[in-house]
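As given in TrEMBL:
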DOMAIN    11-57  domain 'F-box'
DOMAIN    279-409  domain 'ApaG'
REGION    421-460  region 'Disordered'
COMPBIAS  427-440  compositional bias 'Acidic residues'
C-alpha cells in the first residue's frame, strides 16, 4: 500500500549515520580539516578524536614510527599536536628533510662512520630566531627546518658535502653549523646578504645562499662565488649556481650519495658524476669514466673551466691468464664547444705503466681545462701482452662530456661594461684551446690519495 502523500520523509542526520562509514570518510581528510571537524558537532568531535585517524598524519608529516610511539607512550593525536606545536611552521618540509637526513646517516654509518660522528645535534627555535636578529635577514623555512634536525657538522675532514683530490689540490666541504654560518654572513659588495652554507678549511671555498634578491641573484639561490679576474671592480663576483633552494640543494645531493652516484673513497664522499653510458669494452678490458667540475679552479672571466676525471680500467675476472697485459701509452682527442680539436699522445698514465690481469682494477684521476663552457674527450690506450710481448692492441676510452654548471655574471661588471642587464646563463666568446693535463695526473691510484694542500700545479 502506498504511503500517504502528506507523510514527511525523515531528515538524514549525522546522529543516524553509522560510525564506520563516517570514520572512513574522515580518514581521507587532511589534518586541518580533521581539526575543523572537532568544532562542527558533538558527533564529529567524538569521531575526529578517534586515535587511528591521526596515525597517518604522524607518519606522513613527522615520520613517527610505531616503535617511537611506543617509547613516547602517547596517543597518535597527542604526538601529532605536540610535534606540530614545536615544528608546525615546517610541516611542508620536515618529512622530506628528515628522510634525507635519516637516509644519509644510515648510508654513511656503514661506510663513513667518522663522518657521522662529526654531525651536531639539532638547534632550538630560539637559536634560529637569534641568528636572524644578528644578521638582520630572515632564514628560509627549509633551511631552518634542516637545522632543527642537525646543526651542520664540526669543522673537520672529511666534510659532509663532498671532497675532491688532485696531486697538489684538495677540497673537502663541511656543512656549517648555524653560528659559524652567521659569523660568515656577508654584507660586502658582490656578496651582499649572502650566508655561507659550506666551508673547506684547505681552500677557503664556500657555497653561499642569497637571503635577498640583490646584485642580480634570486632569493635563496645557492652558488659558488667566482671573482672576475679581469674586472677592476673587486665587487664583480660571478656565480656558479648549485641550487635554487636549500631543500632542492640538500636533498638532491643526499640522493646522489645514497644511490651510489658519488663514490665513497677512503671514508670520503667524492663528487664524481658517472654517466652509465660512458663505458667501453674492448675484448676483456672495460674502461669507464666519471667527471667533476672544480669551481675553485675555474673562472668566467677570463674563460677557464677546470674539470677532473676519474678513469677505471678493469679486466674481466673470467679472462684467461695469458690475457694479462701492460699499458704503454695513451692517445687523447679533445674537442671544445666550438669544435676545435686537439690531439695528445704520451707514455703511460700518471707516470705509471700499470699491469692489468684477470679481475684486477686500476683507477687514476687526471684533469683538463677548457676555454669553452663544455667539451668532450675520447681516445684509446695502447697495451702489449705480457705472454706475447710483440703483440700490441688498443683499448677504447669512451667519449665523455664535461659541462660547466649554469652561471651568472656579476652585475658590477655588466654595468661597468655597459652590457645588457640579463642575468640568465651567460655565454662567453672563448678563443683558447683545451689542454690535456695528463702530466699532472695524480701519481697515486685514487684509492690511495692522501690529503694534499695547495692548488693544482697548473695554477700555482
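Even glycines carry a Cβ here, placed using N, Cα and C.
In the domain 'F-box' (11-57), the DSSP tally of helix, strand and coil residues is 31 helix, 0 strand, 16 coil. Across the range of the domain 'ApaG' (279-409), the DSSP-based residue counts are 6 helix, 85 strand, 40 coil.
Summed and averaged per residue, pLDDT over the domain 'ApaG' (279-409) gives 96.
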